[in-house]
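Peer 1: Take this structure, written in structure tokens, and hold onto it; I'll ask about it next.
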Amino acid sequence: MPGLVSVKTPPKQSPLHILVPETQNGTTITNTYNKIPSPLTKRVPSPSPSNSRVKPTKGTPEMVTIDESSLDNPDLGPFLLKMARDTISAGDNPNKALDYAIRASKSFERCSGSVPSLDLTMSLHVVVAIYCSLGRFEEAVPVLERSIEVPDIRNGSDHALAKFSGYMQLGDTYSTMGLLDRSVSCYESGLNTQIEALGDSDPRVAETCRYLAEAHVQAMQFEEAENLCKKILEIHKEHSAPASPEEAADRRLMALVYEAKGDYESALEHYVLASMVMIANGQDSEVASIDVSIGNIYMSLCRFDEAVFSYQKALTVFKATKGDNHLSVASVFIRLADLYYKIGKLRESKSYCENALRIYAKPVPGTASEEIANGLTEISAIYEALNEHEEALELLQKAMKLLGDTPVHRSTIAGIEAQMGVMFYMVGRYGEARCSFESAVAKLRASGESKSAFYGIVLNQMGLACVQLYRISEAIELFEEARGVLEQECGSCHLDTLGVYSNLAATYDAMGRVEDAIEILEYILRVREEKLGTANPDVDDEKKRLAELLREAGRARNRKGKSLENLLDSNSQRMKKEHKPAHLINGMASQILSKARTHQPCAACKMLRRRCDSNCILAPYFPNDEIEKFASVHKVFGASNVIKMIQMVEETKREDAVKALVYEATARLRDPVYGSAGATFHLYKMVQELKLQLELIQNRVVELQEQRNQLLGILMNFHLQNPASPMSDPMFDSGDFSVDDGTLAYDPVKFPIECDWML
């Protein structure tokens, strides 16, 4: 009897290549359902219930007219399934095959009655496969749910296999529709069914765990993915040989999870182990792919020389094995462009971007459009960092055209549209920004992500665009919805939530609701003082805004305040009753523009291409327009080391510490060998030379003074011998120099000193 076998599905199948099950000698041969490729790169195919394939027959069958009353015939179901299989194999109309499969399911259901029938489950899987090949995923879902209800795992492993297959197909269908939460839930149910039938240490369970872990990564659920990866490695340790390719794949997945969590050292360890396994198995292309991932880790750790070495190794292998125009070569070019941007070599960064674009313009035949779209999106992010927004927007628009409007790419397109909205906002095209944000919000709602933090952030950005367009009422609604989402996902004390609170307070203030704005700002200020301290620049900004509002209201700050939750709830109800004239709303919008929080990233976060919030420790010392200063510090010390050094210094002395770091980095770039020590030694040598010159001059002055005294003595004797000679003659003037106790004094006006050197 067949067990729960996992067979890998080819990654590129024609849409209608569906293998229909048939019955031979009482043994059920199940079908391999049409696998939907996952957005994750190199995703392991879903565990499939098939362990054999049926060779299709040639020839197109004629359309058979069947009376509904004949569905009670037990021989009709297998006949109709064979007709469906022959129709698909001949490349005929898939709707005809679908009609055969549906009638076969009805026949099996009538003949089986209330007894669980594997034939019925099998025919339902065929119906689902045809629905998916036609893109009718909504119709496939209820059929799959029915196919899961039919088998009873108490009747043996065949029924467990059928139920497991149904859960996995349903999860893939939900994933194709963009419903990740439902997809993960189905995969978990399938895993539990498989464990119940095979035990929790079977190697086939490890394959399903890997598939589920990848789904968790797509859903940004990294803790669950990490636990599954640990379980997979334990199973391989028990059943697989050391240094197996399966272990390498699992370590790469574990490294990906650690990288997403920010644990770069652990990620690097697993990537290196995976690379050693692939080298032992002679898989050069896979080694090069891992080298790219290792380079990404080195770049995250600011170890740029090692990152360049890893990228160049991968680039050499890809060019030798896949050709100069392969997308793998372009992806390495993008990594190098990103790296050179981070270390301040902007010309080299743009050059690598142009090389990658030339490859994407003429890709290798058979290249998937999704890969090209992902590459264009990454290049657009670099152009955006280079302040070339028009080029970045053009690339994002090309990426959207390549992806198309399909459910599987709905979340990806929403992210691209949100990114386009931000760039439209930055270049002043507020109408287009609002349209992009609105489209992104609609797609996120359709894909079931209306409760995610990203959804709340997009709502906040859309509200800011509405403010610029004087659509104040709509902006308030968006800010309030964003506040609710971020409170649920991040908490009321999170910086993103506080940013929405601040925007909402500014909008209330502009609408004349000063008391409500004051209450919100008092809450924000209390939280920021607790989280950031009273000396933080953002706290000072909030204090100034609050002081201005209190001055307008003519009262002092209330440090107790009432509950913000109650306040916002009452504000939402009040807004439904209040209506302001349009001309007043347009007049108040300009006030919001100066008060709404549009936090500009500091030079450090801008170069590192990471999110810069108000709690960024580098922002006070590296403003947005001083990117070159941070580039020199970053190149010499690395961002992580700079942060550690700043944290080690008292807050009052941090500015001086940063100045010292900038001076040291500048000197080190000018003199890579000695750095600032070389400049210090040069100045010390100049000081010693000047001291020597000064000592020589002092000695010379003393000698001249002695000669003068001798001359005065001679003249005095001459005067005594000749009293008629006057002593008041100007030649006897004492001059400007005097020696007192070995010190030299001079008039700075009559005896100037000029120096032609400076530090």
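Cβ from N, Cα, C; glycine included.
Remember, it's a predicted structure, so these values are computed and weren't measured experimentally.
Copied straight from TrEMBL:
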- 37-62: region 'Disordered' (REGION)
- 42-54: compositional bias 'Low complexity' (COMPBIAS)
- 288-321: repeat 'TPR' (REPEAT)
- 373-406: repeat 'TPR' (REPEAT)
- 379-406: coiled coil (COILED)
- 600-701: domain 'LOB' (DOMAIN)
- 687-714: coiled coil (COILED)
Peer 1: Give me the DSSP three-state residue breakdown of the repeat 'TPR' (288-321), ordered helix, strand, coil.
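Peer 2: Helix, strand, coil within the repeat 'TPR' (288-321): 31 helix, 0 strand, 3 coil.
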Peer 1: Same chain, outside the repeat 'TPR' (373-406) by at least 6, Cβ under 8 Å from its Cβ: which residues?
Peer 2: 327, 330-331, 334, 337-338, 341, 346, 349-350, 353, 356-357, 360, 412-413, 416-417, 419-420, 423-424, 426-427, 606-607, 609
Peer 1: Based on DSSP, tally up the residues of the domain 'LOB' (600-701) by helix, strand and coil.
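Peer 2: Counting residues per DSSP class in the domain 'LOB' (600-701), I get 72 helix, 0 strand, 30 coil.
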Peer 1: Summarise the model confidence on the coiled coil (379-406) as a single mean pLDDT, whole number.
Peer 2: 86
